[in-house]
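The following features are taken from Swiss-Prot:
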- ARG70, SER71, GLY72, ASN83, LEU87, ILE88, ASP89, MET97: substrate binding site (BINDING)
Amino acid sequence: MHALQAKILDPRLGSEFPLPTYATPGSAGLDLRALLKEDTVLEPGQTLLIPTGLSIYIGDPGLAAVILPRSGLGHKHGIVLGNLVGLIDSDYQGELMVSCWNRSNTPFTIAVGERIAQLVLVPVVQAHFDIVEAFDESQRGAGGFGHSGSH
């Protein structure tokens, strides 16, 4: 298991609310919680930037983290990430914030301490560009957006 440096920015984290943990031994994501001042209603169509009370420092340029939605919130309540996926670079050290968007037609209350997203570490391969005049031909070529078939 990889060790991450973390700072607790909200004293409720680790006392009133548990630190991010894996729910099961096979879980890929650490649950992030809404460290709001009070329960907050997210109106239909509204987005809100929610603090997690935590900052991390990955430090390894071969790793990054992504913030992903929790499937139950999206499927059952229409609460998804406002930016779809949050990317945390290895050199970022600020608070982890979660952009939540209510895509439903119903107001949704985000409770203080509620699990709102998950953090997943991913490997990173950095690349540089080799400028060429033409590519070697491939079967697909420049075909995209449904080019490989409709079903």
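Cβ atoms here come from the backbone N, Cα and C positions, even for glycine.
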Residue, out of the binding-site residues SER71, ASN83, whose Cβ gathers the largest set of other Cβ atoms within 10 Å: ASN83
Cβ neighbour count (within 10 Å, all chains shown) around MET97 (substrate binding site): 14
For GLY72 (substrate binding site): DSSP state (helix, strand, coil): helix
Least Cβ-crowded entry, counting other Cβ within 10 Å, from the binding-site residues listed as LEU87, ILE88: LEU87
DSSP state at LEU87 (substrate binding site), helix/strand/coil: strand
